[in-house]
Every structure is written in structure tokens, then in C-alpha cells.
Amino acid sequence: MTKAKGRIAGYLFVLPALLYMIFFVGYPIIDNIRLSLFDVNVMNLTKGHQSFVGLDNYIELFKEGTLQKVLMNTLIFTISCLVLQFIIGLAFAMLFNLQFRSAQRLRGLVMISWLLPATITAMMFKFMFSSGGIINDFLMKLHLISSPIDWLVSSGTAMFTIILANTWIGIPFNMMLLTAGLTTIPKDIYESAAIDGATAVKRFFKITLPLLKPAIMSLLVLGFIYTFKVFDLVLIITNGGPVNATQMMSTYAYKLSFDQFQYSQGAAISNVMFVLLLIIGVIYLRLLKKEEQL
Amino acid sequence: MRAMIKQSRWLLPLVSIIIVVIFLFPLYWLVVTSFKTEAEIFRSPQTWFPQVWQFKSYTEQLTGSSFDIVNGFRNSLAIAVGALLVSTLLSIPAAYGVARFRFPGRHSFILIFLVTQMLPASLLLTPLFILFKNIGLIGASYWSTILANATAGIPFSVIILRTYFATLPKEMEESAKIDGCNTFTTFTRIMLPIAVPGVVVAMVFSFLFAWGDLIYGMTFIGKEELRPITAGIYNFLGFQSTSWNNTMAFGTVSMLPVALLFIFVQRYIVSGLTNGAVKG
């Protein structure tokens, strides 16, 4: 096979998928930029005159303060989830990494929460945290609270509930990536450290954590990207309420576009999200390059 | 440390089992609730096990009340299988191309697939809605939702399969050529059969992405009777007084394929998750 022939063959293999992505992803990205710069509503969505308004949609959202509000909410949600699911995921990874019977099978079972449709998880948490639900029942039995809490009615507890639900989904992801990281650490390092008299706590902070650093970095970046765009879960549990207290960028973009038919403003929010995720994505690709995996 | 582990031969598994049981409690609660009567669901104190088993939540919805459970299941299946087929058929050759051939732009193609994996669905939603509306795909069929869901399956599958194809030895292609295979038959007869485990992973994930989709299904499909089961659940929850046992029946049914896949291909799923995410 000549070089030129191999080149053409390579292109031919890639072309169908590439064209698909250009048509169904590339074009929408461009079109979304156009949408955000025009005044597009339900009257002129597919036909009719759309007037150019420049950055007005962005400016208006910024002046109303909603852009900052939903960005803040999304950041609080994302960072809280990242911290929680990392700590629990690491604990799970280390627990199931100990050599005991059925460790692998139990680790596999934990995976289920990650595989379920987010819709089901959301419905489940909404039910458990309803005022007559099992969580209140349990807390009252323990005498931690005297009367049922309306979890989804006040802003702090509503945010807490969706963070908890999303953490439940994210734990297996963290656990698996950290497990993969743990298997790369040679066992004899621990043994010689133990001989030198290092305590378990010291071994954890001086050996385990530093050597897990590459795995931790890529899982935090990926976790940020996945969590930042969470949609279904929030839509179902709180629908952004009470009064936008849990409104995320994704749910707000959807609400603007498909509830209020302010397609341009919805597009503007999505574009801000896109730019932020792109920045994080570039950081991730840098990390991959550093590890020479690309 | 070894001595400690030996000591706790039964303690460690026991503690782990308790942790996993607590962790997965929501799933138990989901299934149990679907078999309880409306009155029992919010009784205080809560019952850990149905006092009266009732199957009404399932049977009632078989006959097309507000949302037909069998119908919803069939719609989700059609959408997920469609998305699986589209994304697998396109991503297998693409992954082979970027893994086995040297050509200019190869790295940018890989980058494109990596980046598209990170896009939020809301970014594509309105432009795709307009696009599908213009070509007449909104409301009447599964196609709009299938095509949109494949945009998530394709990049993930390409990235997973690339690592599979890249590890195969170069001699295989050379000996295939000596045996009279051309580029295409080398791919279909020699390389593809070896990559089957990778293909399974890609298929499972393409299926699961589309099976769990809510946003595309509820936005693009106008007809109630064509909507996926997730959209049915969303509709149910929108009502003032949610009928929880019915909703949980929906949840249990939509969990079934995930549970089956989990039982049969768990090994592949674990390797796929770590390969696709870490190695990129």
C-alpha cells in the first residue's frame, strides 16, 4: 500500500462520522452563535424576518442579574458535587481495593447508580425527600428533627437535595477512575514505608495521594464538565425552584427557549456555558498531552 | 497491614456489604413502592415491605390510561436501538481510520471527537430543533431523537474503539495483504472480528446514553404516543398530585434493560468507563 493510498483510505474511513458530526454538532454550534445575536422568538423561529441585535441578549441577561445568578448556582452545585463524590469515591476505591472476598462484585454493584437514566434517579430522590417521604420519617425516628422538613420548598435544602442526588450518580465514576489509579501504585512502596515506621495516615498522604495525582486531575476536570451540564436531574427534582434558587445554566437555557420561547436568550446562556466548558476542555487536553496519552 | 486484613476476614466483607446495601437502598425503595397501595406509601411510620402487594400500578397502565407503559418502553427501545445502530456503524470505521492510518489532520479529528463529548445538550437543542423542523422530522417519528442521541454515542465510541484498534499488531494487516485482502476486506474480515469486545462496549454505552435521554425525546417528539418512557415519567411528575406508585412502576420498568445489561456485560462496562475516560 502506497503512502498516498493509505492516506486516502484513512480519510474514507473517518469521513462518514466526521460529516455526521459537522452536520449535527458543528452546524448547531455556529447556528447557536447566530441565534444569540439576533432577536428570535416563536413568531420568527423558522421563517420570517429576524433582526440583528448584536450582544443585546447577553447584556440584558447580565443586567437582569440572572446570568450571574445561574452561573453562581451552577458553580456551587458543581463544586459541591465534585468534592463530595471525590471523597466518597476515594473511600470506596480504597475499601474495595483491599483484598477480601466479593470485593470486586460489590464494587461492580456500586456502578449501577452511574448507569441508570438520570430521570429515574431524580424521581427517586424527589420521592424520598418529599415531606412525607422516607428521609423525614427516618430523621424523625432518630429524633434529629421534630417535624417533617419541606426539603424542596426552601432554597438551601433544595440545593442540598440535588447535590446529594448527583453525588450518588457520580460516586461510581470517581471510584472507578481512582481504582484504576490505585492499581498503578506498586505494592512494595507501601511495604518499605511500613518497615520505615510510616503510619497508615502518613502513608495515605505521602504515598497514595501524590501517586494518584494524574488520576485525580483528569477525574476532577472530567467531573467538572459532566456536572456543569447536568440537566435532567435538576429539571425533575426542583425545576430550578424555589424561585430560581436551584436554577442551573442548562435548565435556565431550556426554560428560556422552550417555556418562554426566548430562543435568543436561551442560546446566549448556552454559549456562555460552551465557552466555559471549552476552557476546561482545553485544560483537560493539556493534561492528556502531558501524560503523553494522546 | 497483612495481619490486620487476616484478622478481619469476615469484618471487612460485612462492613462493605452494609455500605453497599445503604448505597443502593434507593433502588430497593423504588421497586418496593411500585407494589404498595396509594394509602400505604405515605403511612407513618413507613413500611419497609409492602403489607398488601398490589400490581395495579403496572396493569392499570397497560391499557393506555394517561401514558401507556408498554408503549413508552417500545418507544425508548426504538430510539435507543436506532441511536446504537447509527453511532456504531459510523464510529467503527472512523476509529479504525484514526487508529491505523497516518494522514494529515488525524490529530485534529481525534480532538474534535474528544471535545464534542463535552458539549451540553442544551447547546445543540434549539439549532437542531429548527433544523429538524425545516426538514420535517419534528413530531412525526423517532428519527429526530435518534439522530440527536447519536451525537453523544459517536464521539464516545470512536475514542473507546481507537484504543482497541491501536493496540493490534501491525503484522496482522501485512499478512492479510499477502493473503490477498484489500484495505476494506482487511478491515471487515481481519481487524473487526478481533475488536468485538471494544465494539460491545461502544454499543452498550451508545444504547445507555439514548435509553436515558430525556431532553431530546421530550423536545423533538410532539406526539404523546411516540415519546420515550423517560418523558412519560417527567409528565407524571408534572401533575399536582403525583401518583407515586404508578411513577415508580414506570421507573422499575425503565430500569430493567439497564439491570440486564449490567448483569451480562458488567466486565466490559468497567473497562469501557476507564478506557474512555482516562485514556481519552
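Quick reminder: no glycine exception, Cβ is built from N, Cα and C everywhere.
Taken from TrEMBL, the feature transmembrane segment covers A:12-30 (among others). Residues 274 of the same chain lie 6+ residues outside the transmembrane segment (A:12-30) yet bring a C-beta within less than 8 angstroms of a C-beta in it.
According to TrEMBL, the feature domain 'ABC transmembrane type-1' maps to A:71-284.
Outside the transmembrane segment (A:75-96), and at least 6 residues removed from its termini, the chain residues within Cβ reach (under 8 Å) are 103-104, 106-107, 110, 159, 162-164, 166-167, 170-176, 178-179, 181-182, 208, 216, 219-220, 223-224, 227-228, 230, 234, 246, 248. Taken from TrEMBL, the feature transmembrane segment applies to A:75-96 (among others).
Feature annotation from TrEMBL assigns transmembrane segment to A:108-129 (among others).
Same-chain residues lying 6+ beyond the ends of the transmembrane segment (A:149-169) with a Cβ under 8 Å from its Cβ atoms: 73, 76-77, 80-81, 84-85, 88, 113-114, 116, 118, 121-122, 125-126, 129-131, 135-136, 139, 227, 230, 233-234, 237-238, 241-243, 245-246. Residues or ranges marked as transmembrane segment in TrEMBL: A:149-169 (among others).
With a threshold of 8 Å between CB atoms, the same-chain residues lying at least 6 positions outside the transmembrane segment (A:211-228) that come near it are 74, 77-78, 81-82, 85-86, 166, 170, 173-174, 177-178, 180-182, 184-185, 189, 249, 273, 276-277, 280-281, 283-284, 287-288, 291. What TrEMBL records for A:211-228 (among others) is transmembrane segment.
Look at TrEMBL and you will find A:268-288 (among others) tagged as transmembrane segment. With a cut-off of 8 Å between Cβ atoms, the residues of this chain six or more beyond the transmembrane segment (A:268-288) that come close are 29, 32-33, 36, 57-58, 61, 67, 70-71, 214, 217-218, 221-222, 224-225, 228-229, 249-250, 252-253, 256, 294.
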